[in-house]
Amino acid sequence: MLSVAGLTADIGRIPVLKGVSISVAPGETVALLGRNGVGKTSTLRAVLGLLRRTGGSVSYQGQDLGGLAPHRLAALGLGYVPQGRGIFPLLTVEDNLCLGLKGKPPADLFAELYERFPRLAERRRQAAGTLSGGEQQILAIARCLIMRPSLIMLDEPTEGIMPKLVSQIRTEIAAIAKRGIAVLIVEQNLRTALRLADRVYLMERGQVVHEATPAALRETPDTVHRYLGVAL
Amino acid sequence: MSDVVLALAINGLVWGLIIALIALGLSIIFGLLDIINVAHGDLFMVGTVGGLAVTVATGSFWLALVLVPVLGFVLGLVLERVVIRPTIRQAALTIVTTFGLSMMLQEAVRATYGAQPRRMAPPIEGTVPLFGIDYDVYRIAAALFAALALAGFFLFLQRTKLGTWIRAVRHDPETATALGIPVARICGITFALGTAMAALGGVIAAPITTVEFRTGVDILPFCFMAVVIGGLGNLQGTVAAAVLLAVMEGVVTSVSDPTVARIVSLAVMSGVLLFRPHGLFAGATR
């Protein structure tokens with residue numbers, strides 16, 4: 001579905017990605033793990049063309065994304081929930097939800113979404129900036145879902161969220177995967193990542209250095225400690 | 001004496017609304033593209049000259065009022081593509097390029113239209129009694145046109161898809177791109193809208209100001225003061241500051257002279273920069 005091969009990118013003159021190769025199959029949940037600053041967010045941004053790619057290739061459902069303008073990727077089914085949620089605080093909840101839609105959204109889609117996220121329905125006319133951090137994250141995910149993506153990329157979805165809401169976010173992400181939508185998740189919370197993912201990539205210094213299933217990773221705590229600096 | 005104060009205060013209000021229209025264009029361009037458009041006053045000047053030229057050619061001011069902003073929009077699209085986009089996100093460079101654009105616009109108008117200042121007859125003649133003084137009907141109409149255009153612009157920003165996209169791109173262009181919003185096109189349209197608003201302000205102001213190639217030079221500092229006092233990128237604040245400054249200058253002029261009035265405005269701006277660097281209306285909804 002998503003195939004990234006030898007991806008390189010720079011920020012200024014500093015190379016941040018040095019040949020990243022990853023893949024995500026339809027319906028699969030893949031986690032990208034690593035310490036701060038190893039290139040996880042840059043990988044997502046480079047896939048989407050938000051960070052200029054200097055080499056390598058990115059293809060999605062067999063289509064090379066190299067020559068496509070970044071704003072055209074959403075229409076191909078690539079959804080993105082950025083780090084920090086990317087909510088537009090001065091727009092209403094409903095304006096945020098409709099932002100990526102070309103026309104009026106079908107009423108049934110809204111009804112389904114509001115049934116699933118009743119807090120958003122209650123606050124649909126409210127400025128999104130007045131929502132709590134957890135509600136904003138739900139809004140960011142809902143805004144992505146309303147565009148009917150086939151792959152969602154989530155960057156640190158539980159960062160800065162109250163601990164009691166983390167499990168709700170985790171449940172939502174699991175529900176997305178159950179619906180057959182592929183998920184590529186960047187996550188600092190190792191427990192969350194291992195619980196959600198079918199497959200895990202570990203990154204270090206702009207490269208993928210290890211690939212494993214969560215079960216395999218649990219059996220190699222040395223690897224986890226070496227690349228993530230934490231104990232399982 | 002009190003009649004003079006009142007007349008100048010009302011004049012200030014009229015000018016304030018027109019300048020608010022121009023300053024709003026400057027502010028939205030700054031907020032979205034992060035550029036300081038030194039040529040913005042000259043786009044207003046092009047509007048005044050265009051207004052006079054179309055009125056003379058067709059005999060209809062009302063046609064000019066519609067046609068010149070449309071032409072301004074098209075001019076803005078071309079300028080954004082040719083002058084602004086190649087230097088975007090390089091603030092220092094945009095000052096140089098828009099300064100060059102300012103020179104080119106002034107010299108182009110001088111070469112084609114001449115250096116002689118001209119006056120334009122107002123499309124509506126006569127006076128009406130207003131708070132005990134006889135006041136020009138056209139000046140009241142000009143204030144109404146400007147107020148309607150301002151209200152229309154805010155409605156456009158709040159109620160239309162394009163307006164919502166402009167507000168989203170102003171806040172976070174990267175996430176907007178990821179959601180499928182064509183950010184480069186939105187930037188072009190926004191610059192064109194700012195240009196059209198300056199041109200519209202020019203047509204409205206043409207019958208109450210001198211029409212010449214340097215008309216924009218005087219108005220630009222006033223617009224910048226309104227943008228700074230209102231809060232950089234704060235659209236409602238910009239409008240409020242433009243009206244307040246113009247009324248204040250009108251009142252000060254009635255007891256002193258225009259130079260002192262401008263000094264007072266500059267002092268107010270300095271005070272705002274010192275004590276409220278994010279603008280007098282920082283925190284207002286943008």
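Heads up, the Cβ atoms here are built off N, Cα and C, so glycines get one too.
Record features (TrEMBL):
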type: TRANSMEM; residues: B:12-33; note: transmembrane segment
type: TRANSMEM; residues: B:53-79; note: transmembrane segment
type: TRANSMEM; residues: B:91-109; note: transmembrane segment
type: TRANSMEM; residues: B:137-157; note: transmembrane segment
type: TRANSMEM; residues: B:178-207; note: transmembrane segment
type: TRANSMEM; residues: B:219-247; note: transmembrane segment
type: TRANSMEM; residues: B:259-276; note: transmembrane segment
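At the 8 Å Cβ threshold, with sequence separation of at least 6, the transmembrane segment (B:178-207) lacks contact with the transmembrane segment (B:259-276), having fewer than 3 such pairs. The stretch in B:12-33, B:53-79, B:91-109, B:137-157, B:259-276 that contributes the largest number of Cβ pairs under 8 Å to the transmembrane segment (B:219-247) is B:12-33.
Tertiary neighbourhood of the transmembrane segment (B:137-157): same-chain residues 10-11, 13-14, 17-18, 20-21, 24, 65, 122-128, 130, 163-164, 166-167, 193, 197, 200-201, 204-205, 207-208, 235-236, 239, selected by CB-CB distance under 8 Å and a gap of 6+ residues from either end.
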